[in-house]
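Structure first, commentary second.
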Amino acid sequence: MLQYCLLRRYRFLLRQHAQVIKRCYSGDIRNIGILAHIDAGKTTTTERMLFYAGKTRSLGEVHRGNTVTDYLAQERERGITICSSAVTFNWNGKRINLLDTPGHIDFTMEVEQSLYAVDGVIVVLDGTAGVEAQTVTVWTQADKHKLPRLVFVNKMDRPDANFEKCIVDLTEKLDAKPICTQYPTKSADGQLGIFDVITMEQMTWQQNDLGRNYSKVKLESSTELQEKRNELIDQLSGLDDELADVVISTESFDKVSNELIGQALRRATCQQKVVPVLLGSAYKNIGIQPLMDAVNAYLPMPEERNQMYDCFGNDFAGKVFKIVHDKQRGPLTLVRLLRGELKRGMRLLCSARGQAEVVSKIYEPLADEYREVGSMQAGDVAICAGLKSTVTGDLLTSSHTSLKNAQKRLLQSRGAAMPQDEDEVLDDASHELFSIEPKIPDAVYFCSIEPPSISSQTAMEQALKQLQREDPSLRVSYDSVTGQTVLGGMGELHMDIIKSRMLSEYKIDVDLGPLQIAYKETLGSSAITTLSVDKDIAGSKQSVSITLQLVSDQRELFSLDKSPENVQHLNALRPRILGVLRKGAVSALERGPRVGGQVVDTQIRLHNVTVGRGTADSFVMAAAAQCVQKLLITSGTRLLEPIMAIQIVAPNERISGIMADLSRRRALIRDVTSKGDRNKIILVNAPLAELSGYSSALRTISSGTASMTMQPCGFSEMNTADESLAVRRAQGLD
């Protein structure tokens, strides 16, 4: 009974302590990301925010190559965002930390990393296109992170913009519940204005002062706008009890104040029940100030997110979400500060590796410019210099004691009893709850990379190491057969950017070999074998006998045989031996026998193993790998080729030529829909192997009038003829 009372008292104190920590947070911070399909106007929107917030003195334009957030030479040259960039600015008493992310599928890893650091996002739609392919991808990523979001429908000044279609797309393609807080209107001369549904006002921007000022005119007599406001209140009252009570008590929508609507909309947005929709034209300087007002009003404060980290109390905790390399400052680590205070000269511990490092300097972010500060508080985003070993996904704490105490508090707050093997359970809790290791997508292409001279080999390896630390989706490996360094990447553009950055940033003019498709392999048939190995190594006898089976299975990678003759022996195996066997066996699946592709949808089943006394773990691991390699050759493998989902927008008169070309590329037409009166949208799946140089071919076929986007959508088995051709190409015989 005493123990129970003490536990109750401890949990009460823990809850009180958490409230104190929350009060230490600043409610005046908003950490947001901005997401979009390529060319929707995301970077232009960001540049306008910086300008109206007084952070920049002139408007940055993508086509002029003078943007703040697109600062890499490759970004300004191509007019696209490649690397996420962080900027900080103040707006109406709030401090906004904004991460501008890429829209191109080749750099989707940048988006994934950024979403670990934000509390909400703005999704920018092209008002002329609605929800596009990459919009779906970034929306799914935001769903995974359970992020509240706003939608900004951009380019609404254009004559072909369709606001209603965008709303339908949000509902049908993204399964969202949009709440329209604004509607478009146009003057007699075609200038875009905005109706504010909540305040019943019309907003009009002045073009002679770059959109700094705009006028508001009350429209209380507008029946149409009043109906829109009533519709908004009706939608919200069905989702928010507090607003519903007010509506019921007043028996009128007209008596619901703007403040009550805003509060209800904020609650529903933070709970991800609705998505407020705003509109404008970033390029024409329309609608940006209300968008920033909406960020302050509707997106959550830091204290409303990441509540799991309350267990750190006043101790420092932060998570690393990005690393960049600066020529003068060296590696710079972007850290989301979760709890406590970060100070210059502070000693930080990496929870994953137990390695301590010292923060030499702290900077406030503004893309590639930095303002040094002495300290920063929880809820903010900081750039740290001096952290040379930290990698993306690391949790940083002030000490080992702080980490252990936080893990104990978390377990106890959840009612978990402290087990006997405390360290093991705490390590599991650390991995499960405190790790943000991003899921790295599979490479789509790979190619060899060679330095211009032997003397440049070391410099090239160091440069690749730094680029890989910045970009986890860049794979770097060594082919022991050819002796070459091999790069794996997300697409042709990704590889081209790596080559360009090697030259511009590291002054190494590398040669890239021809791009190869990253095929996967799958099991041809089930097979079982026993491998026995006995060797004397440095006077020590090493022996192991292992029986493994390979079977087709998409669920489990490694399992134990359940047959009566083996189950007792296998259950008696030490966990360490099982771990070594698993690691060795699974490693052999990384390179299949046909083209060196990863072997997937295959289960390794352990039937029996005997390990001699004194046999080294490395010997057991090597034997397990050798046994699996032998089985793969015996059973044979089939190739799986990557399939791309393509969206093509083209004029009606060009469709027949495009369709004929697609049929020659083994493409599967999924859908063809109209876009206005003059264009059509073609949705198609096609093998990546058939799409080399397709963007150039499409420009030729359409005389430059068609546009396309594509992204990976899975793998598919190949027929015998195509598989044989792929093997010959991989072996350099065709």
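Note that Cβ sites are derived from N, Cα and C of the backbone, with glycine treated the same way.
Every protein chain shown contributes to the tally, and the Cβ of Ala36 (GTP binding site) ends up with 27 other Cβ atoms within 10 Å. Marked as GTP binding site by Swiss-Prot: 36-43, 100-104, 154-157.
As a whole-number mean, the pLDDT of the domain 'tr-type G' (27-303) in this prediction is 88. The domain 'tr-type G' annotation in Swiss-Prot covers 27-303.
Look at Swiss-Prot and you will find 1-25 tagged as transit peptide.
Candidate binding-site residues: Asp39, Lys42, Thr101, Met156. Fewest other C-beta atoms within 10 angstroms, Asp39. In the three-state DSSP reading, Ala36 (GTP binding site) counts as strand.
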